[in-house]
Structure formats: structure tokens, C-alpha cells
Amino acid sequence: MNINPSIIILTINISIIITLLSSVFFFQNETNPSNLNSSSYSLGIFHNTSFNYLFSNSLFFTSLLKTLAILSLFPLFIEIIFNIPDTTVSLFNWLPNNGFSLNVEFRFDLKFNTFLSVALIVSWSILEFSYYYMDNDPNPNNFFRLLIIFLLNMIILTSTNNIFLLFIGWEGVGFLSFLLISWWTSRANANNSAIQAVIYNRVGDIGILLFFSLSITLFNTWSLPEIFSISAPNTFNNLLLVGLLIAAAGKSAQFGLHPWLPAAMEGPTPVFSIRHSSTMVVAGIFLLIRLSPLYACSSNFNTWCLILGSITAIFAATTAISQHDIKKIVAYSTTSQLGLMMVAIGLNQPSIALFHICTHAFFKAMLFLSSGSIIHSLNDEQDIRKMGGLHFILPNTAACIILGSLALSGIPFLPGFYSKDLILEIGLTNFSNFMGIVLSLLATLLTSVYSFRIIFFCFIKNPSFSPLAPINEENNNLTNSLNRLALGTILSGWILTNLTVLVPIITISSVLKTAALLLTITGVLFSISILQELTLNISPPTAYNTNSFTTNQWFYENISHILFLFYSFTISLSLSTRNIDRGWSENIGAQGIAITSSNASQSYQLSQTGYIKQYLLFSFLTLLIIIALSLTTISQLSPSFDI
């Protein structure tokens with residue numbers, strides 16, 4: 001009996017989605033997190049599997065994600081080995097209508113299977129880390145449940161084959177992001193950051209709503225294959241692409257709609273770790289990857305993506321080198337890498353953008369968890385200038401953050417080298433991409449600068465932290481999650497390059513091919529020389545002005561949050577408040593009627609003086625007016641005589 005491999009892929013993936021959905025409704029008891037693993041050498045693969053132990057100690061979600069992460073590898077390897085085409089399944093027809101049908105349809109292709117495996121492995125590590133990080137939180141189970149729902153919405157967004165379910169996943173990750181950023185509701189900054197994230201994402205949602213409405217209007221369908229097969233008029237097709245670009249820019253924090261991403265670090269470390277690595281911030285890029293047939297032949301759209309991505313990359317890189325908050329540095333590095341993903345979209349290489357998403361997920365999650373470990377161990381200290389010598393008290397965390405920084409810089413044979421350098425090499429094949437690729441190369445140079453800056457201040461510099469800093473690295477929930485991500489960081493680039501990514505043929509010279517690597521080395525040497533000067537208290541003459549510009553994020557927030565808001569408030573005050581509320585509403589509306597009647601009454605009262613002579617005069621004048629009107633009327637009615 002032959003079993004169709006597509007059936008196996010379909011069964012496993014549907015089972016994963018249903019299991020995640022069902023798990024949200026289980027496990028309602030409130031218990032405290034505990035140490036999950038009996039051994040620190042198992043990378044968390046082997047847990048105590050007793051049901052009572054799992055249930056009573058809040059280990060259900062971690063064990064579930066561990067099982068699903070291992071299970072998700074089977075569809076990926078089956079599709080690679082048997083070269084299975086895309087597997088599409090329609091579960092049922094929802095809201096049937098005569099001229100329009102909405103099918104709940106999923107598409108399990110190589111892109112989704114690759115992303116699913118990466119997302120589940122990374123989320124497994126993050127959730128296990130959460131048991132260490134959220135140890136004293138009063139309500140950890142709801143936090144874990146929200147993380148699962150967050151992941152589930154991202155899986156729905158990446159697997160759906162119609163726009164309606166895509167919209168559900170799209171709005172789901174946005175709403176869950178708001179809940180998780182503002183998890184610590186007593187913090188005003190966390191609440192403000194959550195609102196800021198919602199507002200900026202609302203701008204992006206204008207684009208996705210434009211795309212949805214035009215799709216149903218032009219194509220009378222929300223099915224992606226049908227949309228791809230129908231050609232729209234050029235004008236409407238441009239509007240579709242504009243909507244996609246606005247949506248991706250809002251969700252993936254491209255320049256102009258980026259301020260919410262670094263501000264969102266006010267939430268717990270596991271939140272922005274899962275959001276920056278494998279869920280919300282890559283949703284916009286994955287939207288463009290999934291809808292790549294729409295813009296494959298649109299050179300203008302690709303050019304705009306290239307320009308937007310390169311500006312985002314250089315902006316975030318220049319801002320990161322001036323930050324002192326370790327979480328902000330890693331957050332801006334995420335924005336810079338999102339810019340490189342957008343550059344890959346602009347080069348019409350969506351598969352390479354997905355490749356960078358997958359490799360980026362491992363080392364970025366590891367960097368965030370490592371920074372969380374440092375902050376937790378230093379009593380919530382986040383300033384890298386107050387660190388130094390951390391490898392003495394946190395050797396495992398130190399090794400992981402150094403590995404993540406090297407991977408972020410693009411050191412050979414680490415994942416950043418495989419994916420990031422590939423994007424730059426493809427861009428160098430065509431000099432029409434000159435400006436965008438030059439900015440991307442400069443961003444790569446600065447990436448190595450701020451990556452080495454983290455290493456210098458955290459480990460090479462003399463210790464500056466409190467001598468009473470607690471040592472928390474003996475917790476296996478921390479070490480296993482970090483070590484698992486470190487293993488993924490080391491192996492993911494090589495595995496994905498050889499198994500899932502179809503690398504295009506690149507014909508460039510050896511000098512250009514090594515440009516990214518040379519820039520990385522140059523950046524490290526440059527940062528070493530600058531840090532030595534700063535150590536000797538030698539300040540470059542232009543350091544203050546440059547630092548002020550980059551520290552203040554190119555003054556973008558000063559312009560957008562202060563000037564724009566001031567002028568919008570002024571215009572609203574003059575047009576709306578003064579002209580409408582205090583203008584038409586008061587002078588013509590309810591208050592206007594009262595004022596008019598009051599003025600008429602006051603004018604009439606002037607004639608009521610009580611003098612008999614005045615009354616006789618008014619009566620005589622009234623009589624004369626009546627006589628005059630009567631004579632005029634009689635003369636008009638009498639027949640005319642000829643004289």
C-alpha cells in the first residue's frame with residue numbers, strides 16, 4: 001500500500017494547527033513556573049513526561065511546543081526528499097453566496113514548512129526561557145497562553161490560501177502584540193508603547209484594507225490563486241501594490257512607520273523576542289513573499305521596495321551605534337535586518353528574503369534572550385556602560401551573545417554570512433541597484449560596529465556592575481533555551497542553504513563577492529580603534545554633533561511626533577473647533593436660535609416706553625400704511641380708461 005507523501009504533509013500540518021488551537025482552552029489552573037529539565041545537557045529535549053507533573057507545574061505548553069517542533073520537521077524533510085509540489089486543502093465553504101464563496105483553505109508549500117519548523121523551534125526555546133524570566137509574575141499561565149495564540153495567528157497568516165484568513169492572522173498578531181506589550185499594566189511606558197504600536201499598525205492596516213477591498217471589487221474573489229491568474233487594469237494594479245507596500249511597511253517597521261518597534265521593548269523580554277524573531281515584525285515581509293506573483297513584473301514596485309529597505313537598514317544601523325540600552329541596540333538591529341529583507345524583495349528575490357527571515361530568527365531570538373538574562377542578573381540594569389566582565393559570572397550567556405553578535409555581523413559560516421551576504425551579492429549583479437546596495441553595504445559595515453560594541457562593553461571592558469549581582473545561570477530553563485538557539489544559529493545557515501534555498505547563479509567578480517565580508521572586517525577594526533580612543537578619553541571633534549543626530553533617531557520622532565502633531569492640532573483647532581463647534585454650531589445652531597430670538601425680543605422692548613403720544617403716533621402711521629396699501633390695490637384692480 002503506497003501512502004501519498006502529500007497526505008502525510010497535510011495531516012501533520014493540520015494536526016499542528018488544531019493542536020495549538022485546542023491547547024489554548026486547556027490548562028486553566030494557576031501555578032508557578034518551575035525548572036523544566038533534570039539535566040542541562042539535554043538542551044531541553046527530555047522532560048519529565050508525567051501528566052500530573054506537567055499539569056501541576058505549568059509545563060504543558062513547553063512540552064506541547066517541543067513535540068510540535070520535532071513533528072514539524074517531518075513535513076519539511078518529506079517535501080525536500082520527495083520534491084512534493086504545493087499541498088492545498090479546502091476544509092469547508094464558509095458564508096456561501098450565489099456570486100461569491102469563501103473557502104477556508106490552506107496552502108502547505110516549502111516556504112510555509114520551512115517557516116513553521118523555524119517558528120516552532122524558536123518559540124519552544126522562548127517559552128521555556130519564559131519559565132525562568134517570568135518566575136515571579138503573578139499570572140504566568142495567561143502569559144504563556146497569549147504567546148501560543150500569538151504564534152497560532154502567525155501560522156494562520158503564513159499558511160492560508162485566501163485573503164480573509166490572512167486578514168484574521170494579520171489582525172490577530174497585531175492585537176496580541178498590543179496585549180503582550182502592555183502585559184505589565186502598571187507601567188505607563190508599557191501602556192504608551194502598546195498604544196503607539198497599535199496606531200502605527202493602523203496606518204499599515206489602511207494598506208491591507210485597500211488591497212482587500214480592491215481584490216473583492218476587481219476579482220470578485222479572495223482566493224490567492226484566482227487573484228494571481230487574473231490580470232487587473234494597470235491603474236488598479238498599482239493601487240493594489242501601493243496597499244501592499246503600506247501594509248508591509250507598517251507591520252515590518254520600515255522607515256516612516258518604524259518608531260513603534262524600539263518602543264515596544266517595554267514589554268517582557270520573551271514578548272519582543274518572539275515578536276522580533278518569528279512572528280509579527282516579519283509578517284509584512286512574509287505578506288510580500290506570499291503575494292510575489294503580483295509584483296514579479298513590476299519594476300517600479302521593486303525599486304520602491306529596494307529604496308525603502310535600504311533607507312530603513314542604514315537608518316537603524318546608524319541609530320544603533322549610538323544607543324546605550326542593550327535592548328534598544330538589539331531592537332534597532334532587527335529594524336536594520338528587516339530593511340535588508342525588504343531589499344531582497346526589491347531585488348525580486350522573495351525566497352532569499354524568506355531565507356534571511358529563517359536564519360535571522362535563531363540568532364536574533366538568542367540575542368534577545370541573552371540580553372534578558374543579563375538584565376535579569378544585573379537587577380534590571382540595561383545600560384551597557386555599566387556592564388563589563390560579564391563572562392566571569394555569566395559564561396553561557398556571554399558565549400551566546402558573542403555568537404549572536406558574530407552571526408549578526410556576517411562572520412563566515414554563521415547564518416548571517418549565508419543569507420545577508422547573498423542579498424548583497426545579488427544586488428551587486430546589476431548597477432541599476434547602485435544607490436540601494438551602497439546604503440545596504442554601509443548598513444552592513446555599521447552592523448559589525450555596533451555588534452562589536454556590545455561585545456566590548458559587556459565582556460572586554462573592566463567590570464562595572466554591582467559586586468552583589470546575583471548569579472542566575474544555574475537555571476536549566478535559561479541555559480537549555482540559549483544552547484538550543486545557539487545550535488540553531490550554527491547549523492541553520494548551512495542546512496537551509498543546502499536543502500531549501502535555490503541560490504540563483506551570481507556572476508560577479510571576486511572583489512565584489514567579498515565586499516560584504518571586507519566591510520564586516522573593516523567595521524570591526526573601525527570600532528576597535530574608536531573604542532580605544534574613547535578609552536583614552538580622546539573624543540573626535542565631530543563626535544557630539546554626529547552622536548546627537550543618531551541618538552535622536554535622525555530627529556524623526558521630533559519631527560513626526562512634535563511638529564506634525566502640533567500643526568495637525570492647530571489646523572484642527574482652527575477648522576473644526578473654531579469654525580464648526582464655536583462657529584456654525586453656536587451662531588446658526590441651537591445657540592444661534594436663542595441669540596437671535598433674544599436680540600429680537602430686546603429690539604421689540606425698545607418700543608414699549610409707556611408714552612401715550614408714542615402709541616398714538618404708531619397707530620396713526622399704521623393707519624396711513626393701511627390706507628396707502630388699500631389705494632394701491634384698488635388702482636391695480638380697476639379697469640384702465642383711455643384719455
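Placed from the backbone N, Cα and C atoms, the Cβ positions cover glycine too.
Per Swiss-Prot, these features apply:
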TRANSMEM  64-84  transmembrane segment
TRANSMEM  114-134  transmembrane segment
TRANSMEM  140-160  transmembrane segment
TRANSMEM  163-183  transmembrane segment
TRANSMEM  208-228  transmembrane segment
TRANSMEM  230-250  transmembrane segment
TRANSMEM  301-321  transmembrane segment
TRANSMEM  338-358  transmembrane segment
TRANSMEM  437-457  transmembrane segment
TRANSMEM  486-506  transmembrane segment
TRANSMEM  511-531  transmembrane segment
TRANSMEM  615-635  transmembrane segment
Stretch among 230-250, 486-506, 615-635 sharing the most Cβ pairs under 8 Å with the transmembrane segment (114-134): 486-506
Top partner of the transmembrane segment (230-250) among 140-160, 301-321, 338-358, 437-457 - counted as Cβ pairs under 8 Å: 301-321
Residues from the same chain, set at least six apart from the ends of the transmembrane segment (301-321), whose C-beta lies under 8 A from its own: 241, 245, 249, 253-255, 258, 288, 295, 328-329, 332-348, 427, 433, 435-440, 442-443, 446-447, 449-450, 453, 550-551, 553-554, 556
Same-chain residue ranges lying at least 6 outside the transmembrane segment (437-457) that approach it to Cβ under 8 Å: 309-311, 313-314, 316-318, 320-321, 323, 326, 329, 332-333, 336, 339-340, 343, 384-385, 387-388, 401-402, 405-406, 408-410, 420, 423-424, 427-428, 515-516, 519-524, 526-528, 530-531
Other parts of the chain folded back onto the transmembrane segment (208-228), taken as Cβ under 8 Å at six or more residues beyond its ends: 99-100, 102-103, 105, 107, 161-164, 167, 170, 236, 239-240, 242-244, 246-247, 287, 290-291, 293-294
